[in-house]
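Scroll down for the structure; my scribbles are underneath it.
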Amino acid sequence: MCKPGTAEGLIETNDGCINLFPCKVSGAICIQPCSPSFHGETSFVCEDRKWQMLTDDCASLDVQSLFQVSVAGGHLSSVGERNPVHGKPGGGAKYFGADEHGNSNCQADFSCIIPDILSSPAIPGNIADIVELLKKISLLLSENVNRGKMQSYSRIANHILNSSIISNWAFVKDRNASSVLLDSVNLFAGKLLLRNGSESIQEHFISTKGYSIHKNTSGKSFDFSMGFNNTGSITGRVVIPEEELLKLPKTSKAISIAFPTLGAIIETNQLDPGLVNGMVLSVSLPEELRHILLTFEKMNKLENIKAQCVGWHSTERRWDNRACKMKSDNINSVVCVCKHHRRTFKSFSILMSPTMLRNAVLDYITRVGLGLSIFSLVLCLIIETVVWHHVTKTEITYMRHFCLVNIATSLLVADVLFILAAIVHNTALNYQLCVAATFFLHFFYLALFFWMFTLGLLILYGLLLIFFKIARSVFIATAFSIGYGCPLVISILTVAITEPKKGYLRSGVCWLNWYETKALLAFVVPALSIIVVNVVVVVVVVVKTGRSSVGEGCKSQDLSNMIRISKNVALLTPLLGLTWGFGLATIVDSHSLAFHVTFALLNAFQGFFILLFGTLLDRKVLGSP
């Protein structure tokens, strides 16, 4: 009755094991047979000292009998009596629509099995059996798919796509059942025969449309409007562009299938689900047609929800953003350009972007912070220009303010480009303009970090190499090489390597790509490396400051020392870019609003901090006439 079965626990098999055996060992499995009117078993897992249902394989249907009846044309004979569909011997023919003479039209349209299926409860075990039945029909009975066959097939699929039973899919034993269903429907619908050049078959939760197409067609679209729950409906559109239709050598057919609830069902079956935010649209097209336009209405229309266009990879059974590029995104809908491929990408949808936490608070902080930052940086540069001759009389102060001016200039240009890049994206201007904006944005943000790196090296030079003097011309040449030369090389190499493969830009935004080419590493790696170096600089400053008062036992001196150390850290943190280190926290926990708000506050206001700590609190600036 008990046997080893999990990493930490046991498998218990008993008529009532969840009542007989206490849940003590986390991960223990309990398996129970179903009630007498069902076949199969139910498994439970021990979590937090409670038995939680894991899978439910209890079913009242018999998929083998259903399929054999479909093949046999409705005559159950000994098949129905050997494998009764509801576990009840005899009377099999009456469940499959046979008339009093035992005749049926099952071979023509499968209608004989529909009453039994629709009268069965959509429990997890029956869902699995119906998916298996649809798979067998698609593989073995998909010749001459006429309107009648497609209607019956759709009615069967509609029964397990109902929005009211989505939660039952979580307990289906086969985690790939939803993917199998999608592939089966796509295969069967793709063989639909068209009457008079078109066909349309509509159920509540699955809709199939087909058209004859040829190269002289001006462009073809499939429009769907379907309910996805008891209160709402959702729309979707598939458009075959005219330039694609010109590739057709002969008259062909195009089939499209819409599933308003399948996205949510797939979520329940995935270990790492994407949050689907629209209907799933499938297409069956000639091999010559590769690109299509799809419009998805968003289910969740909150302004702060970003979308991601994806295709279902039928081999890897996951959503893949490489299949699509976003053309436009607004609060109501998303337009995607997707690649159609018969063996991999035939179904498409949109996800709520999992890596971009958008919040109204963050947007507000960013807008206000950027405005104040730009104003502060302009004011900083004006003040530096006015007092330049008074604050650069010594070599070390000249070098410090030289770095400060270039830090302020780089951040000012980067902030302005950040706004321009957002405008370019939101107004859907051309691709080349977005590439140019991203290149200069990448360059000036890197320049900001490399000039902060130069300032850090300058501070180490002032602290550790007291008796070593560097000529002003050598410093300027070295500083420009580091501050602008290194960013220029990195920016050019990044665009040269990734842009030929169209992997430079991230989908839907004017910034470096991450998912396909990891171009973003060309910014992240230098930035984080410089932050680490500048943290070391701050530690050296703190140590040197602390040593200056060693041996002074007076408490007032200790307090003064602590204040001086704190002031140095506060002054150096924004100037050396250490606030960007909070970006690491947002990578570790991308869903934490607290980390994102902290990061947005510190970095959006960096220009203000540079004005305050770099210029206004500088004694020489304050003391200048």
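Numbers here mean position along the shown chain, with the first residue as 1.
Just so it is clear, glycine is given a Cβ too, placed from its N, Cα and C backbone atoms.
For reference, TrEMBL has these:
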{"type": "DOMAIN", "residues": "214-358", "note": "domain 'GAIN-B'"}
{"type": "DOMAIN", "residues": "362-618", "note": "domain 'G-protein coupled receptors family 2 profile 2'"}
{"type": "TRANSMEM", "residues": "368-391", "note": "transmembrane segment"}
{"type": "TRANSMEM", "residues": "403-423", "note": "transmembrane segment"}
{"type": "TRANSMEM", "residues": "443-467", "note": "transmembrane segment"}
{"type": "TRANSMEM", "residues": "474-498", "note": "transmembrane segment"}
{"type": "TRANSMEM", "residues": "518-543", "note": "transmembrane segment"}
{"type": "TRANSMEM", "residues": "569-588", "note": "transmembrane segment"}
{"type": "TRANSMEM", "residues": "594-617", "note": "transmembrane segment"}
(Q) Below 8 Å between Cβ atoms, which of the listed ranges 474-498, 518-543, 594-617 makes the most pairs with the transmembrane segment (443-467)? (A) 518-543
Q. Are there at least 3 C-beta pairs under 8 angstroms linking the transmembrane segment (594-617) and the transmembrane segment (518-543), leaving out pairs fewer than 6 apart in sequence?
A. no
Q: Any chance you could find the range in 403-423, 474-498, 594-617 with the most Cβ pairs under 8 Å to the transmembrane segment (368-391)?
A: 594-617
Q: Would you mind splitting the domain 'GAIN-B' (214-358) into helix, strand and coil residue counts from DSSP?
A: 15 helix, 69 strand, 61 coil
